């Protein structure tokens, strides 16, 4: 070490000067002096420059590195058979595989994050169905007022369906989904603040509905257009699995929301449910932004190919003028849509399925609490069973549908089979539950769970038909059917509470209307539904 002090500093090969962010990584004595240490065995070695020219070049190189003009490069150790020493990134343990999703194909990233958004979506949807019980006690609401509060979500949900489909086509489903999640999450977090002021409470739930209302069309656009043209094209027979995985997040969200809500309410009050669930959506939004930034920094081969294959409107959408947007809306073949019997079949079928789904989603916890004499926790946990069983049924239904298609079964026939199961099963089970057969409470729960779980076959029936008919206009078609499908949330949920106050009968208020729509929906679907690809643009001329 004494010989080191006698040597001039400019006679040593200096390490490139680290930036401020790198300074913490170079904390050994030798590195602090910018001295290049090539470790071989157990003794330090120094590379001494043999000429003034090389020394001058080294100084210039250091200055360029300090300015960020030249990256760090590996250095060879002459005594280690020409082996290259690790770079600074390797020395601190970075191997290029973080974050874990970095090297995933683009379609898996999109499908996974979209499914997670739908998990949070239904968590924010079902939280009120549990919280409405202590809220009604605190604010003195009867069933009619409780039904009004729960139905307000669907006012915004219905209003945002067509705009959501149009915006997804113009700006892309990815951007629309981002904004939708942020809007509904902020509105969810505001519910406790506005709960004592009825107009404010209704407005907050309307905003939740608007944010969640654009999400189905955005997801459909991602699957039908973006995922389909990505680096690895999605075969037609995989579409059922993609749709089921994404929309299956709704069932997972229902289970998670109903599982977390009771303990949160009992330990921290009903307000905690809205604060926590709203925070999760906001966290998803910022996490999604980080993933998108990571893709832009270092895109993989798959993501590069994906970006090149995106429609041109994705690159210019935010610069499009209002006049061009209006022109795009006029270009949608509305006339061709409504001249097609299969589209009308999708509209009515969506209405019928939504009536049974939304009324049960909103009122089952109260039904289990009042009719089966269960407390809040028991009623909420029993309400978990239908969506929990739906997660299993969804995977079975998607495999069932894809296998039929792979084996040569006509796609229209497959969609009709799946949708018929989705309607007839809950109709039969609701009939058994509403008739006085002397069944035990756990038997009623089991029957309803089985019927509502089998309704998930619709994800391989109705919800695939939009994309089967027209990938180009799938998001708009879903916007049309979802707009009509949201009406039962407005009318059905509120009407159930009103009829319940009048008749005090769950069979008449909750089950009878759902059974009617399930049966008539099956007849219409079998008569007019079709998955045959349609050229709506040509038919509209």
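Heads up, the Cβ atoms here are built off N, Cα and C, so glycines get one too.
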Open item on the list: Suppose you had to name the range TrEMBL annotates as transmembrane segment; which of 122-141, 142-161, 222-241, 242-261 would you pick?
Closed with: 242-261
Open item on the list: Suppose you look only at the domain 'Major facilitator superfamily (MFS) profile' (110-532); what would the mean pLDDT be?
Closed with: 84
Open item on the list: Let me check one thing: do the transmembrane segment (273-291) and the transmembrane segment (179-203) come into contact, meaning three or more Cβ pairs under 8 Å with sequence separation of at least 6?
Closed with: yes
